[in-house]
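Student: Got a structure here, written out as structure tokens. Questions coming.
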Amino acid sequence: MKNVKKKNLDNQVEKLIELPNSLEAEQSILGGLMLDNEQWDYISEKISENDFFSLSHQLIFREMKYLLNKGYPIDLITLSESLEQKGKLEYIGRFAYLAELSKNVPSTANITTYADIVRERSMVRKIIKIANKIIQAGYDPRGKTSQELLNLAESKILSISEQNFQKNSGPKNIEELLDITLANIEKLFNTPYKGITGINTGYQDLNNKTSGLQPSDLIIIAARPSMGKTTFAMNICENIAMTYKKPVLIFSLEMSGEQIMMRMLSSLSRVNQEKLRTGQLNDEDWARISSTINILLKKKNMYIDDSSTLTPSEMRSRSRKIYRENNGLSLIMVDYLQLIKVPSLIGNRTLEIAEISRMLKSLAKELKIPIIALSQLNRSLEQRRDKRPINSDLRESGSLEQDADLIMFIYRDELYHEHTDLKGIAEIIIGKQRNGPIGTIKLTFNGHWSRFDNYSESKYSDE
């Protein structure tokens, strides 16, 4: 009984509190559009009919869109005639209200500012509406766990954020783009050229091919099992974390954080992994490990999320959170792409991978940082004589090939040919580079250190 009373009271309070709106701004937009039809293209980029608080204003805006799509002008006569033919004129206050709208416009020059006001109020109303749904789901979870409720809340809030991001994007004038491009060129001109315009990978030959990892790029690293794709990606992350101030964020869906740290200590300390795993360390090993730990604790610029199950929305929200808290990121790495799940698309792996790929590319563009995503390869390449991977070997390759700016494959001949002359050598095959050449570079693979190094015949060690 108490719950019923509380619910009724909540409903009464909700009715007393008017949702945020600006009827004056809505009226000024509609009146301004009747006076200046050319403003439609600017306004329709910012708001839609659902952004209006007044149902009458939604109806008028929808009718304006209909008339303009038909090639008709919108004014008092055409608008009232069209509404009357559909029997809707009386719902909006008839001709008199339309006349009042066009008469009371402060200025058509400020119409885009009015649209910003209407959109802002609309966004707040959407947040309130979603908050109420989350509260309702909390009172009546219908079997949902607390984690499922959190995922629901997160996805709904993120959907609003995405809508807002899309409204802020759109065509840019060539003058604006030229200004941005020229500023970038001047920045590069005034910076001593070292063959790198993006993020330094730590690998000289790879930098020469790619000019570094570029902002907003989606980078796919793919290989068959045991080739070292996690090691290679982690080495890039380590190199960047040691060089740049802004942190690196790692999503490790396959390995635990402790396993990642064990590999990192082996790699950076040059201490054999087997020694670390068994604890059979000598004084020199301990000295190296201690030195590495001190450096890592001093830098403190790497985050590892080892959640074994993540959705695109969870990954996106966690990335944004770390980005905001640190005023930026240098890089995001995902190990590996096929382990991410899209609940609404489970059962259709092709569509699921396409959605994951789209999200990662969108996030890279939004945060303006490179994102590395590891991917599996199809088993079918094992049937070929030459087992060096190509783009079509990517699992669910269509969307990955399309969205990726850079695709790199790892091939180590020693895994297929025991007596090869290429022992300890890894080929990094660039299968796609949107703004650069494709080709192959060599790196030295020191597996016992969990490390790829710049290629040199003298650098390989099997100790």
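Backbone N, Cα and C define each Cβ position, glycine as well.
Sharing the record's features from Swiss-Prot:
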type	residues	note
DOMAIN	192-459	domain 'SF4 helicase'
BINDING	ALA223, ARG224, PRO225, SER226, MET227, GLY228, LYS229, THR230	ATP binding site
Student: With Cβ-Cβ distance below 8 Å and at least 6 positions apart along the chain, what are the contacts of ALA223 (ATP binding site)? List them in sequence order.
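Tutor: The list for ALA223 (ATP binding site) reads LYS229, LEU377, PRO389, PHE409, ILE410, TYR411, given in order along the sequence.
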Student: Through the lens of DSSP with three states only, how would you label ARG224 (ATP binding site)?
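Tutor: It is coil.
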Student: Excluding ALA223, ARG224, PRO225, SER226, MET227, GLY228, LYS229, THR230 themselves, which residues in that chain have a Cβ inside 8 Å of the centre of the Cβ atoms defining the ATP site?
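Tutor: Output for this site, in sequence order: ILE410.
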Student: What's the number of neighbouring CB atoms sitting within 10 A of the CB on ARG224 (ATP binding site)?
Tutor: 21
Student: Taking 10 A as the limit, how many CB atoms besides its own sit near the CB of GLY228 (ATP binding site)?
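Tutor: The Cβ of GLY228 (ATP binding site) has 22 Cβ neighbours within 10 Å.
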Student: To see if you understand the setup: which same-chain residues, six or more apart in sequence, place their Cβ under 8 Å from that of SER226 (ATP binding site)?
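Tutor: Correct list: LEU415.
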Student: For the domain 'SF4 helicase' (192-459), what's the mean pLDDT in this predicted model?
Tutor: 86
Student: Within 10 Å of the Cβ of MET227 (ATP binding site), how many other Cβ atoms are there?
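Tutor: MET227 (ATP binding site) is surrounded by 21 other Cβ atoms within 10 Å.
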